[in-house]
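Here's what TrEMBL has on this protein:
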- 47-67: transmembrane segment (TRANSMEM)
- 129-428: domain 'AB hydrolase-1' (DOMAIN)
- Ser223: active site, nucleophile (ACT_SITE)
- Asp393: active site, charge relay system (ACT_SITE)
- His422: active site, charge relay system (ACT_SITE)
Amino acid sequence: MKIRSGHWIRKTAPTNQREALFVASLSVSSVLQAGSRFSRIRDRRSAEIMLCVVVCVFVLCGVVHAGPTDRRFNKPQQELDPEVHMNITEIIRRWHYPAEEHEVLTEDGFILSVNRIPQGRRHAAGTRPAVLLQHGLLAAGSNWISNPPNTSLGYVLADAGYDVWLGNSRGNTWSRKHQSLRPDQEEFWRFSHDEMALKDLPAVVNYILKVTGQKQIYYIGHSQGTTIAFIAFSTLPELASKIRLFVGLAPVATVAFTSSPMTKMSILPEPLIWTVFGRRDFLPQSHMIEWFAEHVCGKQRLSELCGNLFFILCGFDENNLNMTRTPVYTTHCPAGTSVQNMVHWAQAVHGGKLTAFDFGASGNMRHYNQSTAPEYQVQNMKVPTALFSGGQDTLADPKDVAVLLTQVSNLVFHQHIDHWEHLDFIWGLDAPEQMFPSILKLLHENC
């Protein structure tokens, strides 16, 4: 076990500012939801006023958080990064890597987009073991290639000789297709991370094995990408046998101790969540978010606002984040999910366990033939597992991770990075020194 001692000195918003940011986050969620449905709002002017109020809150939070004398406010205007308007394939090819787009059909009719980097820029000969990278909540496959090649795990693995696949969970920007349903239908959105684990993941893994002709793959997940792995690999032993090694970054099985502002949604009664956010998508990528990224995140004086947006979602360390890339981060993330998935996470905060979605007593009887939602048994997972955790992570809280470590029966490695927060695992500037060497060594040792 490798433990880094000591903490970085970092600036954090005082509690009252964090509460203000939480209020802003709920407002932003509602406004962004409304923004995509303006055609059904009678009083468009009211919606525009609401948006202005929310932006003003962000401005206030951004200025208070950074301080008017912060040197970053005096930097010259930066040009908008072209990746703001690119899809995943275009971003990959921009850095001169080969890229492929694949569509995977699930057993319940969802059509998932999966991106592939079949090899690195050096075109090394020989067999390239397949690695599936799975993003977290409200995210997309672009998370793994949002930084330049030396600081993006997707590119690093490709250059190290691996066949890299980037998953996109149902309902995000790139996986909004179905054989018979449309995204404007409520039925399309009746899913949570249960279905991502038990339907999406098996379909994608089997597809990769079929295309590559390999018998096993490596799996690397971040945040919710680890959650669906804990569920799938402990519940589906046949699928688990196809995983050579599971690497979990900021692993989340339970959220009993989480202090992330995003989980404050759980304080709302479940019926109120459905009423406020509806029964379809939650925080999808939209023209309003694109406008925010281009006209706010793209301005050097206002880049702190994007940092505050990421703080609202799951916390961030501005000292370890490439702030010039925030327009790219923001136009690709949040990428949306279902409101039902967010309700499932709210249930997890209350219950403190890793359970299936709770439909209520009568609904549970129909779905599970029991009155309560069944609990997933992580200890039944036999896949070799390596975990990386962060000491400042407010979503994958160290206390939750400590409980998880006692449940993983085949834990082969654990590295705790004392100063890391939740987003450092995908975008941290020091990831090439802190984490990438360990991952490459683990993959090599478990070949």
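Each Cβ is built from the backbone N, Cα and C atoms, and glycine gets one as well.
Overlay of TrEMBL annotations on the structure.
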residue	record	Cβ neighbours (10 Å)
Ser223	active site, nucleophile	26
Asp393	active site, charge relay system	27
His422	active site, charge relay system	27
Compute the average pLDDT of the predicted model within the domain 'AB hydrolase-1' (129-428).
92
Could you state the CA-to-CA distance between Asp393 (active site, charge relay system) and His422 (active site, charge relay system) to the nearest Å?
5
At the level of the C-alpha atoms, what whole-angstrom distance separates His422 (active site, charge relay system) and the residue listed as 'active site, nucleophile'?
8
